[in-house]
Amino acid sequence: HRRENEDDVKAQCRAPQSTELTGLFVEKPPNSVVAVAGTDVTFIAKVDSTSLTRKPTMKWLKGKWLDLGSKAGKHLQFKETYDRNTKIYTYEMKIIKVVPGDAGGYRCEVTSKDKCDSSTFEISVEAAHQDEQADILSAFKRADAGEDEGDLDFSALLKAAKKKKKPEKEEPEIDVWELLKSAHPSEYEKIAFKYGITDLRGMLKRLKKMKAEPIVHSEAFLKKLESCYSVDKGKKITLRCEVVDPNVQVKWLKNGQEIKPSAKYIMEASGNVRTLTINKATLADDAAYECVVGEDKSFTEVFVKEPPVTITKLMDDYHVVVGERVEFEIEVSEEGAHVMWFFEDQEIHKDKDSKYRFKKDGKKHTLIIQEATLDDIGMYHAWTNGGHTKGELEVEEKELEVLQDIADLTVRATDQAMFKCEVSDDKVTGKWYKDGVEVLPSERIKMTHIGRFHRLIIDNVKPEDAGDYTFVPDGYALSLSAKLNFLEIKIDYVPRQEPPKIHLDTTGNMVSQNTIIVVAGNKLRLDVEITGEPAPTVVWSKGDKPITDTEGRVRVEARKDLSCFVIEGAERDDEGNYSITVTNPAGEDKAVLFLKIVDVPDPPENIKCTGVGEDCASIVWDPPKFDGGAPVKGYLMERKKKGSSRWTKLNFDVYESTTYEAKRMIEGVLYEMRVFAVNSIGMSQPSLSSKPFMPIAPTSEPTRLTVHDVTDSTCSLKWLAPEKIGAGGLDGYVIEYCKEGDTEWVVANQELCERQGYVVRGLPVGEKINFRVVAVNMAGRSPPALMSQPVTIREIVEHPKIRLPRDLRTKYIRRVGEKINLTIPFQGKPRPVATWFKDGKPLDEKIVNVRNSNVDSILFIRSAEREHSGTYELVLKIENMEDRASINIRIVDKPGPPLNVRVTDVWGFNAALEWEPPKDDGNCDISGYTIQKADMKTKEWFTVYEHNRRTNCTVSDLVMGNEYMFRVYSENLCGLSEEPRMSKNTAAIAKTGLELKSKPYKEKDMCCSPKFTQPLVDRSVVAGYSTAISCAVKGFPKPKIVWMKNKMIIGEDPKYLMQNNQGVLTLNIRKPSTFDGGKYSCMAVNELGKDEVECTLNVRGKNTGQASERVGEDR
């Protein structure tokens, strides 16, 4: 039992992840433990993680498949601890109050990335009490068992090797089990993903059991159950077997438990056949089943398939800046589904690249990129076994925007100076410089960074603090500068009375001498220095209305020598003329200020799509009604897929126009757009979303527009569908025509033509008309398909037709110098125009003579040359109708001599010759070679071989002591080459006194009875045309051949010619008539036996096309 478990663990470790079985345990549970019922027992396992790249995962299992982690509670407790010093993980499993049901085999399994290890142990329980058995077993029952719920017998489960049920998804006609049985192990994971197998490990174990189960002859069963059955979820399945005894009673078991008849389980017996029908199969029916007859059993497995996993929420596009987090999220139809992620066409693996993270939450699957870079730009795909979605990621370079610049300061001695700026990124750090030298913090000087704000605070300002101060953000080519002015206090003699004076600071918020601009929502604090003796009285007014409040949103604060006017959270209503009046006994002073409130603009209006293309759309909108008091700099656009909540930015820099061409969209997907207006203050609220629009494009032009027929008033056109149709589909076609020379096209059909053909009626006779066809879909008209030339509206009495003679339909071969005279008849009215082409180019009539008449065309060559070879094409035209015929003419000549003839070897009285084919083959295949020899004394030539097909040969029977030279001729259809090729060297046959004593030769017995190796084949021929039937026979001694017709021996009838060429037997029948049909047979006879074959010959009459067969009688 333990060994079986270990084998299963090894199979698990090797299965989909190709992990390595290694020794990871430092301490294992003891192999055998005896526990007393009612007591507690603890098992400890320790794992050394020093060599592991990831935290190990521990599983405690009972039997082969039951994961005890899901059963944790009062009865089973699990604990995990980690020692940082020794890097050892300690895992504990504690069973509280052991019951007899806890007895059995257990296994602890540890895995870490590509490594795994396991340990098995046994628990025996003493003094077991049966009444406590249900406590642990009830925890292991299936939650979805329904009416099958009952007492579980783990021994039966282990015996049947039942594993956890799994949703098994596969193509309707494909049997995944047959695929896995015949597949190589390296293909298992690919098959699992393609057919939606979520428990591949368990499936392979069941497959292993099915393969290993021995085939044992059964005395009780005539036919056992199939090894496995497959059924779709919710469907019906019938298990069928046949028993020997038609009266025997059978039991049906599921996972070792007997099944009782019910509406779900119907058991039937008909003669020797026993069936179990399972209605409305659920995942609970995915189990092992048995049919039991006495002590004999028949096993099978039932697998319940679920539908493919589909994608219910599609992936959104992202437009981010460098460093932002990106989350591509989809939803699938089933929990626990397997999703494959791809970047462009490369699969993204979890362990391969640490920049990607994967997240699963029920049906939601998320691909996370922590910090996007420019390398991540592209298309991302998610695949399930039943769906696909994609989303585009666009990444822009990060730009730092200055939201608030630092301002110049004028500070008196001992006062505090504070420089403040705001940038768009709250993570950006920076340094402060004074006159080019970095400012370091001290007791007086402090630097702070809170969110997007950076401050430099100088307490107790001294004259040496005056200078130019600069803030430089880290990592950006950007700097912000301002000046600190030190105000010296001079003590002069002041007369007792001095008229009041208002000292307005024209720097800072004041854009001109009397205008102050404030951003809506910001705080305005206007400190006005007042001088005069005695201290003057200050009155602030808006228009004619004095402002007297010292508290509230709009208030006046008085200080020594200062009057402060404060507005908290400026609003548009605060805009207007403000005046400050100061009086004392010595006089009066007054200043008038205009306060202008600026705000972000209103959102743009009337966003709409004016046109679409294949992957683009034209968007227009109206500027905002109110620009916020500052000119609109431009606009920012966003888009999203309809039904999605994720908006994608289309631009980072402001876009000045109110017309935008949106690109890089997916054809056939609904999109929505919205626009933001931007001025110097900020960005408006988003506009209302546009109406959904779909990028679609017109089709390409229709193809192969041709004229099918022409009459005196009509023209029939035909064409093929466009090559590219797209998501907009194809609604129909519009046919238009115009007279030659006109530019006004007339529509021929009032309604769209859905067929790929149309008859244009009411055309003027004799006129030349141009036609064009346009495909139409919801995106508009396609480019037109045009005719190459106009059509003359005149009835064609007879269509052009070339009657090519039979002997010209195959290759036409003539020798050099011969005359060629080809007459090609044709028909057609009015008279067709005949044009000849050679190899696709117009025929040069200086080389080849052509004569055309009303009924034929003659091609004449007085003396054929090699360059006349080629493919000649005759094109016959009447208006736009034509017919074509091709003739392949080959002019052949004698070949040149072979090349490089040489003697390669000499032995005994033999010489080996080799050569190469000739450069010039005479424009046809080389059929063989003629080899001749001559001795050097007589110089007389003798032929050794004729028609030798190979480029080598062996010349034998040479005379001892002579020296030979050789020559070789090439041969083709025209004959031998004009000149031979002499051998480069000679063959000298040396004299020798040695005598070869060969062993006695025992001739092999080659005798065998006749045997036909190729039979006769039934044939059907036309009367009057000679035919032949053939077969092949072997046998020794050479058999006698007898041909028969309808079992009657064919004698010396001159109508028949019988041939035997090396065992190939041929019966030639000269011009058979309908009475020559019948059964023909061939018999081969020798002294060892005989063999016979036969066939049927049908002879069809020339005119009637009927066949005459005479089987039972001879003519």
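Cβ atoms are placed via backbone N, Cα and C, with glycine included.
These come from TrEMBL:
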type	residues	note
DOMAIN	16-124	domain 'Ig-like'
DOMAIN	214-310	domain 'Ig-like'
DOMAIN	398-470	domain 'Ig-like'
DOMAIN	500-593	domain 'Ig-like'
DOMAIN	603-699	domain 'Fibronectin type-III'
DOMAIN	701-796	domain 'Fibronectin type-III'
DOMAIN	800-888	domain 'Ig-like'
DOMAIN	897-990	domain 'Fibronectin type-III'
DOMAIN	1010-1098	domain 'Ig-like'
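Residue counts for the domain 'Ig-like' (500-593) by DSSP state, with H, G and I taken as helix and E and B as strand, are 3 helix, 59 strand, 32 coil. DSSP states for the domain 'Ig-like' (1010-1098), grouped as helix (H, G, I), strand (E, B) and coil, give 3 helix, 58 strand, 28 coil. Residue counts of the domain 'Fibronectin type-III' (897-990) by helix, strand and coil are 0 helix, 51 strand, 43 coil (DSSP-based). Confidence annotation: the domain 'Ig-like' (398-470) carries a mean pLDDT of 87 in the model. Helix, strand and coil counts under DSSP for the domain 'Ig-like' (16-124) come to 7 helix, 61 strand, 41 coil. Secondary structure counts, DSSP: the domain 'Fibronectin type-III' (603-699) has 0 helix, 42 strand, 55 coil.
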